[in-house]
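Asks: In case it's useful when we look at the structure, here is the feature table from TrEMBL:
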type	residues	note
ACT_SITE	Glu326	active site, proton acceptor
BINDING	Lys30, Gly104, Arg132, Gln180, Arg357, Arg398, Lys423	phosphoenolpyruvate binding site
BINDING	Lys30, Ser31, Arg35, Ser178, Ser179, Gln180, Ser207, Glu326, His353	3-phosphoshikimate binding site
DOMAIN	16-430	domain 'Enolpyruvate transferase'
Amino acid sequence: MPVNPAHTALWPAPTASGAVDATVHVPGSKSVTNRSLVLAALASEPGWLRRPLRSRDTLLMAEALRAMGIGIEEGVGPDGTGEAWRVLPAGLRGPATVDVGNAGTVMRFLPPVAALADGPVRFDGDPRSYERPLHGVIDALRVLGARIDDDGRGALPLTVHGGGALDGGPVEIDASSSSQFVSALLLSGPRFNQGVEVRHTGATLPSVPHIRMTVDMLRAVGAQVDTPESGGEPNVWRVTPGALLGRDLTIEPDLSNAQPFLAAALVTGGRVTVPDWPARTTQPGDRLREIFTEMGGSCELTDLGLVFTGSGSVHGVDVDLGDVGELTPGIAAVAALADSPSTLRGVAHLRLHETDRLAALTKEINELGGDVTETADGLHIRPRRLHGGIFHTYDDHRMATAGAIIGLAVEGVQVENVATTAKTLPDFPDLWTGMLGI
Ligand SMILES: O=C(O)C1=C[C@@H](OP(=O)(O)O)[C@@H](O)[C@H](O)C1
Ligand SMILES: C=C(OP(=O)(O)O)C(=O)O
């Protein structure tokens, strides 16, 4: 197989010459942008997304919806300011082909949308997408009335034979490998004839804030959703059938992508301000305020944004990251530079993310001289003096940013394929060097 030079290119991670002091404008949230696109596509009137994230995952989502007949146009927002996408809903069409790349949101949120199309929709993606769990969506859609051809593994590639409508109704799923199964069924639920009632039967449920994000965003476009938090049964979500409104929505900055920049303040004893940090949000990255404070920093939400200040010391933590799994690589990187050991728990499902993140973090940190061991559901990290070397990233954007964090404090770290950050943050290398004043 020909080697893509971008995948083997080495990026010398800059070391920080002193305490960073910078303001970093972090682009929009992947999770909010891709939910907004789906909800706007399913609405009964046009809508606007202002300041959408433009990255591999969101461009794949937009392209897939276009392939199914939705209009997504470039424009300026209704008040004439800011870049925006105008979304023009239309009858969902097949035949169509969808490239999911390695985007969990695309591979899981769109098969239910495709079930509403009037013809077959073929889903394919990167080799890794074939290994990521999808059975919760495939099995549930079959129970709800869809016809799907797959190779029997409960994974990509597959074809959803859209019939123009879907019965919907009650369904049981095991979402212990991904919260996105639940989000996927809820997002399209208002358009199913009977709506949908999703009952999670697994022992654990990761990334619950991401399900709250789905519910909040559904309600914001007029859907009626009953949840465990609103007095319903535990692990049961119910969406009533009904039309969705087209809204004018401004996308929040991606707080999980703010992580490496906040980490830079923590690791260098400096200060980083992230403008437009929302006062209230369902994004899991908001937990960084608490976790990075426990690790030695302090933060303040001001008119300028979130101001995060490092103290010069970095401490280890013992923390359950089950709700906020996507923060694990960045926390592991900081923990490797701390003055005491860390235990990261509740994240066994990361083995099925962009790569096996527990194995990848263990191997790459240890190859720089670290002392990390995998546990059944996380990592033990005992900080040691690290040395330079190649930090492999396995096509995982968060491995690349984790390597950059370590490189701040360790001379000679070379991050392989930093371009993989394009999955959710194509501007990363420029934002990073800009923050460091290079
Ligand atoms: O719904 C979402 O937008 C996401 C849910 C989480 O997935 P898992 O529940 O599969 O971990 C998270 O890790 C992913 O980055 C984004
Ligand atoms: C797990 C992640 O992405 P995905 O949406 O592809 O699951 C992530 O961004 O950390």
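Just so you know, glycine gets a Cβ as well, placed from its N, Cα and C.
For each feature listed, report its degree of burial, its nearest neighbours and the pertinent distances within the displayed model.
Replies: Within 10 Å of the Cβ of Glu326 (active site, proton acceptor) there are 27 other Cβ atoms, across all protein chains.
In sequence order, Arg132, Ser178, Gln180, His353 are the residues near Gly104 (phosphoenolpyruvate binding site), counting only same-chain partners six or more apart with C-beta under 8 A.
For the recorded site, Gln180 (phosphoenolpyruvate binding site), the DSSP three-state label reads helix.
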Asks: Please check each of the binding-site residues Lys30, Arg35, Ser207, Arg357, Lys423 and report the ones with a CB atom less than 6 Å from an atom of ligand 1, ordered along the sequence.
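Replies: List returned for ligand 1: Ser207.
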Asks: Per-residue pLDDT averaged over the domain 'Enolpyruvate transferase' (16-430) comes to what?
Replies: 97
Asks: Widest Cα span across the 3-phosphoshikimate binders Lys30, Ser31, Arg35, Ser178, Ser179, Gln180, Ser207, Glu326, His353, in Å?
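Replies: Per the listed residues, the maximum Cα distance equals 19 Å.
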Asks: Pop the Cα-Cα gap between Glu326 (active site, proton acceptor) and Ser179 (3-phosphoshikimate binding site) into the table, whole Å please.
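Replies: Computed Cα spacing between Ser179 (3-phosphoshikimate binding site) and Glu326 (active site, proton acceptor) is 12 Å.
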